[in-house]
Amino acid sequence: MIARDDITGLILAGGRGSRMGGTDKGLQPLRGTPMAMHTMMRLTPQTGALMINANRNLAAYESFGVPVVTDSVPDFAGPLAGMLAGLEQCQTGWMVTAPCDSPFLPADLVPRLAQAIEAEGAELAIPVTVDTDGRRQLQPVFCLMPVSMLDDLIAYLNGGGRKIETWATSHRLAEVLFDDAGAFANINTLDELRTHEAG
């Protein structure tokens with residue numbers, strides 16, 4: 001079994017926040033607490049260490065008390081660039097990622113992904129949910145991976161790849177079904193944020 005202490009959680013807060021008017025999503029308050037802090041509080045009991053990937057407002061993220069890593073690939077190259085930055089700095093054998101705007105992520109996310117990797121002999125694990133139409137939805141931004149994937153990810157990015165799902169599905173992938181699709185909801189707009197504030 002992959003030990004909790006051998007897993008570092010990486011909160012992905014390095015994006016432009018373009019669907020939120022360019023604001024830094026991770027620092028937007030939800031019920032009085034920055035969204036990235038909600039995600040951090042969800043991941044803390046499931047991992048041995050935490051990091052945040054951010055490319056602006058670094059002092060604000062550093063005030064959360066965990067290491068902050070910036071993209072080594074320029075121009076906000078997307079979540080994979082954040083994953084790369086995390087893998088480059090990770091001090092444990094495994095890393096799990098979650099976006100900063102996922103304050104409801106499951107309390108058993110990491111142990112279930114780790115269990116699936118062990119059971120299936122997989123390289124990576126990501127959650128799968130089922131939408132209201134019965135379609136399976138991969139949630140690839142939530143990904144448990146070994147740090148040994150670093151060179152492979154560098155090669156994928158150097159080849160122009162930018163989609164997490166394409167990269168993940170090119171490996172032995174454990175897809176783990178979670179019943180609560182709402183737990184993986186991203187808060188992408190200010191309207192969605194207001195809805196969750198009221199909820």
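Glycine too: its Cβ is placed from the backbone N, Cα and C atoms.
Per Swiss-Prot, the features are:
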- L12, A13, G14, K25, N53, D71, D101: GTP binding site (BINDING)
- D101: Mg(2+) binding site (BINDING)
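Feature map: annotations from Swiss-Prot on the structure.
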{"residue": "L12", "record": "GTP binding site", "CB count, 10 Å": "27"}
{"residue": "A13", "record": "GTP binding site", "CB count, 10 Å": "29"}
{"residue": "G14", "record": "GTP binding site", "CB count, 10 Å": "28"}
{"residue": "K25", "record": "GTP binding site", "CB count, 10 Å": "25"}
{"residue": "N53", "record": "GTP binding site", "CB count, 10 Å": "28"}
{"residue": "D71", "record": "GTP binding site", "CB count, 10 Å": "20"}
{"residue": "D101", "record": "GTP binding site", "CB count, 10 Å": "28"}
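Residues L12, A13, G14, K25, N53, D71, D101 are recorded as binding GTP; their most distant pair of Cα atoms lies 18 Å apart.
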